[in-house]
Structure formats: C-alpha cells, structure tokens
Amino acid sequence: MASNNSRTNSRANYSNEIHDLSTVQNGTMPTMYYGEKAIADFFPPHLLKKVVSEVVATFLLVFMTCGAAGISGSDLSRISQLGQSIAGGLIVTVMIYAVGHISGAHMNPAVTLAFAVFRHFPWIQVPFYWAAQFTGAICASFVLKAVIHPVDVIGTTTPVGPHWHSLVVEVIVTFNMMFVTLAVATDTRAVGELAGLAVGSAVCITSIFAGAISGGSMNPARTLGPALASNKFDGLWIYFLGPVMGTLSGAWTYTFIRFEDTPKEGSSQKLSSFKLRRLRSQQSIAADDVDEMENIQV
C-alpha cells in the first residue's frame, strides 16, 4: 500500500512540476505533455491485451457453441440438443478461468454494456470490447462455414413461433445469466472460486430451456456472426434488444438487492483466494500503468 501511494504521489508531484521557465512566462504548457497524458488516460497500456483476449475468447465461444449447433442441426445422432447446451456452458466456464483475470471474459456486448452502465467497467473501453467481440464472433462463424461444409446453417438463432415469444424468453434467460454474473464477479462475499462454474451453469441451464423457443442466444455477437455467415437474418433485432434488456435489468436487480456490509473497525474480513488473486493482479496492472505513464512523461 505504501508503494502504491508513493507512486501515486510521485505521479501527482511530477504533473505539477514545470521544467521550462519559458512556459510560465508565455502562459503556455507543452502540448506534447497534454497529448501524451490524454492518450495514457484514455488508452491504458494493457488495453490491447484485453482486446486480444476478448477476440480469442469470443472466437472460441462462437466456434464451439455454433459448431455444436450446426452439426446437431445436420445430424442429431452426432450431437444432441442437450449436448449443444452443455458445450455452450462449458466453453463459457473455461474462458472465464482462462482470460477472466485479463479482460474479464465478457465475450458479450450486452454484458459489457451492463457493466459500464453500472460502473463496473470504463465507458472509454466499451467500443474496443464491442469491436473485439463482434470480430471474434464473425471470424469464428466464417471459419466454421468452411470447416463443416456442406452445412449451410452455422448455428443461427431464429425465433420459433411469434417473435414476441422469443423476445420475452431472451430477456428472461439473459436476465438470469447477468444476475448470476454480477453476483459472482463484483460481490466479494460470493464464492469467487466458483465464478466460472456458476456463470457457465447459468448459460447451460437457460439454453436448455430457451433453445427450443428462441435458440438461447443471450449474446448479440453470438447471433450476428452466424447470421452473416449463413445469410439468415430472421428476427435479428430480437437478439440485440432482448439480451440488452436482460443484462440491464439483471444488473439493476442485483445492484438493488445487494447488501452493502460496512465492516466494523478492527474486524477481519478475508477475501476468497480467487478474488484475492484477481485483486492483486489488478493492483499490479495499475502499478505498471503508473510506471509506464511516468516513463512516457520522462
């Protein structure tokens, strides 16, 4: 803690220093300094790593889930509908444990939006995450189209029956997924070690139910990629509006019921080992960001 404070104070002191007397006499400050500071503030050094992580995670998510769905659609004897749901839940679990400590493993534009709205994620990074997620999903879909040829439908999600039925289902199942996600990802009292398993199980359970009605997308990127590769856009708006409504309402609901426990002085409350590792990792990244910003300014 002392080390972090010293770095912060060092950065603050440096920003108040004036190394050229002419800047005071002329009433101006170096343009490059402000430009560099703005770039460092808005585009942190680790943003590229986060973006690449989201591309990879979303690619694998769509490749596995839509691949299983595409094969199942052509031959149910090879992969059942239950197998599709299990594959979707497992890949979400695996990716959370793989890159959750790097990018948060959003893999879903609606999830990123909800985190930003409720101040768990910086708005400035939202467009980069969206671009990464859609890029990963679209690339995975076209790779799948080439790999499982001659299957034409690459795991597309289309409504079965009236569109409003599918919309309601998408809102509810995405609500469930986001409610669980926000609980295990942001509440230190939750069992952090089971975060990936909890979210993956939520995806698996909801997709088992929703698969026969709406396809159980819960993810605009997961729908758009296969739609482009398969050239099927029936009810596409449902899979943008439904997940957004579901994630926002799910995040709002958990935020509303969340009990903010203020620890008493002298009490010892320990974080779970999983959350402690993530917290230390975030603190380390933040410290590295400060060091790199100071090096840029020097």
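Each Cβ is built from the backbone N, Cα and C atoms, and glycine gets one as well.
The N-linked glycosylation site feature in Swiss-Prot is assigned to N4 (among others).
Annotation source Swiss-Prot lists N-linked glycosylation site at N13 (among others), citing sequence analysis.
Swiss-Prot lists N26 (among others) with the feature N-linked glycosylation site, giving sequence analysis as the kind of evidence.
As annotated by Swiss-Prot, transmembrane segment applies to 51-71 (among others).
The transmembrane segment annotation in Swiss-Prot covers 85-105 (among others).
Marked as transmembrane segment by Swiss-Prot: 124-144 (among others).
Here the transmembrane segment (166-186) has Cβ contacts under 8 Å with residues 104, 110-111, 114, 118, 120, 159-160, 192, 194-195, 198-199, 202-203, 205-207, 209-210, 213-218, 235, 238-239, 241-243, 245-247, 249-251, 253-255 of the same chain, all six or more residues outside its ends. The feature transmembrane segment is assigned by Swiss-Prot to 166-186 (among others), with sequence analysis given as support.
Sequence annotations record features per position, and here Swiss-Prot assigns transmembrane segment to 194-214 (among others).
Positions annotated as transmembrane segment by Swiss-Prot, on the basis of sequence analysis: 237-257 (among others).
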For the transmembrane segment (124-144) against the transmembrane segment (51-71), do we get 3 or more Cβ-Cβ pairs below 8 Å once near-sequence pairs (under 6 apart) are dropped?
yes
